[in-house]
């Protein structure tokens with residue numbers, strides 16, 4: 001029997017800079033089989049330079065996966081293993097789970113900042 005994983009995206013705006021930034025994550029919710037590749041898209045409309053991907057496991061705080069301070073500027077966070085990102089445009093920052101495993105079941109948050 002194949003294991004199913006549940007990934008839930010949420011909207012999150014980092015508490016620095018402008019508080020009216022529009023940040024969108026797609027898909028909003030995702031269920032997949034173990035071993036499948038998953039892509040989460042983050043887009044923003046305020047032209048912020050900095051974008052971040054976080055993960056929150058049940059009962060724990062946010063953990064930084066990757067961050068970017070500008071287009072094609074990619075930096076690893078504290079838990080980047082098993083993930084990859086792409087930032088080909090200022091307004092978009094994509095997160096990929098290369099091969100979904102049960103311990104990656106979590107809430108995933110995208111954030112932006114202009115500072």
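Keep in mind that glycine also has a Cβ here, set from the backbone N, Cα and C atoms.
According to Swiss-Prot, the protein carries these features:
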type	residues	note
DISULFID	42-110	disulfide bond
DOMAIN	22-115	domain 'Ig-like'
CARBOHYD	103	N-linked glycosylation site
SIGNAL	1-21	signal peptide
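In this structure, residue 103 (N-linked glycosylation site) is part of a helix by DSSP. Mean pLDDT for the domain 'Ig-like' (22-115) in the predicted structure: 94. Other Cβ atoms within 10 Å of the Cβ of residue 110 (disulfide bond), summed over all protein chains shown, number 26. Cβ-based neighbour count (10 Å, all protein chains) for residue 103 (N-linked glycosylation site) stands at 9.
Recorded residues residue 103 (N-linked glycosylation site) and residue 110 (disulfide bond) have their alpha carbons 19 Å apart, per Cα-Cα distance.
In sequence order, 23, 24, 25, 51, 53, 92, 93, 94, 95, 110 are the residues near residue 42 (disulfide bond), counting only same-chain partners six or more apart with C-beta under 8 A.
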